[in-house]
Amino acid sequence: MSTGGAESAAAEAMASEAYLAGAAVWEARELVAELCRHFYLQGWVTGTGGSITVKANDPAVPLAQQLIVMSPSGVQKERMVAEDMYVMSAEGKVISAPVAKPWPYKHPKCSDCAPLFMKSYLMRGAGAVIHSHGMETCMATMLNPGAKEFRISHMEMIKGIKGHGYTDELVIPIIENTPYEYELTDSLAEAIAAYPKATAVLVRNHGIYVWGDSWINAKTQAECYHYLLDAAIKMYQLGIDWTTPEHGPINSAKRLRSVASPGVPNGCHTAKSSKHCVVLDIEGTTTPISFVTDVMFPYARDNVRKHLTSTYDSEETKEDIKLLRIQVEEDLKIGVVGAAPVAPDDAGKEEVISSLVANVEAMIKADRKITSLKQLQGHIWRTGFERKELQGVVFEDVPEALKNWQSQGMKVYIYSSGSREAQRLLFGHTSYGDLRQFLCGFFDTTTG
């Protein structure tokens, strides 16, 4: 190593040691101990369960490189002090461990939640993560044992969750519990990836993981989540539907499963349906609106240039470009905001594609329901589903409802502004498998 390189490495090592021994890390240690005592009184970390981790906030160090302070495993959280904490690198490597205490204390061990905490740090750029065993976080997952999501709407405390307002539907993914905490790592990562708007994941019969940009954000969101989960449990006890805006009686809520079958799961019976066909929309009916707005649309927007470039000379893409040209010409005539002339073919491939991308991005931003856009999006999504970069999301009661309707001899159709191909792709690649077997047809703006 050169003299300059050695000096640089030495300076870096000294800086790291200074950071580790500095005020930021020590304050983070004290903070975690304080939060553990506070959350113990809330019933979130009793019986040595639950855990907390925060980034050691040093303004001179980028968030992604900040050291991580984490509570140990299997200890009484309300009795911990700053010296009991683990300190880890930004990549999750332990660089400082607590000193062992005499019997009856256990030998120190880093939190079993560590690999799960790291997923929140690395995938979401979190500044803090809380794992709670609060009773409400466990019981809320039992309200519907087969549900893969917890949903609640029109509650004031929803405003305390990042990216949500009073009228929004809050969706928390639910993953299945495992005998050992570390075995949850992959399913937690999958849930984080599948729900980009979520800041929490529920673990059935276990608890909840909540993350935020800072410890304050993680704490206040965790408080809101616990409030909302507790509210749902109490509403259930009173027979009130927490998932609907009107919060009416559960037995009169207009949910898919309530009309899906003359013989409902609890043994009650309703009058035989006189309906022969059912026509369903997608957004908000079979599929969360958030999946379309937060996953599907961004995927099409981010991949439009790549798609047009790789398929430019195909007959399919030539037809897509033709339809887009016609639409843009009409938009220019009537002064649609965002419309810009499409470069002529003789201007060259790159010029044509760049002008098309600008128009498509404007159309997506304006959420326009036009055939030319929907057709192109369908072709982009097809590639995403084929590459397994996309997976269709439906509400947990949809598969059962479709099966029950089919068993009654009822025909089920889909009508949506999305292209028929996009509809087939969504229902053909869901986490419940291929649901197209239960559908008799698809309609879009060209056929409906």
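Just so you know, glycine gets a Cβ as well, placed from its N, Cα and C.
Because TrEMBL annotations are produced automatically, they should be read as predictions rather than curated entries.
Under the heading domain 'Class II aldolase/adducin N-terminal', TrEMBL lists 30-233.
In the shown protein chains, 26 other C-beta atoms lie within 10 A of the C-beta of CYS113 (substrate binding site). Taken from TrEMBL, the feature substrate binding site covers CYS113.
Neighbour density for HIS133 (Zn(2+) binding site): within 10 A of its CB lie 20 other CB atoms from the protein chains shown. Positions annotated as Zn(2+) binding site by TrEMBL: HIS131, HIS133, HIS206.
A 10 Å cutoff on Cβ-Cβ distances gives GLU156 (active site, proton donor/acceptor) a total of 11 other Cβ atoms nearby, all chains included. For the recorded site, GLU156 (active site, proton donor/acceptor), the DSSP three-state label reads helix. Annotation comment: TrEMBL describes GLU156 as active site, proton donor/acceptor.
Of all the binding-site residues listed here (HIS131, HIS206), the one with the fewest other CB atoms within 10 A of its own CB is HIS206.
HIS131 (Zn(2+) binding site) carries a strand DSSP state (E or B).
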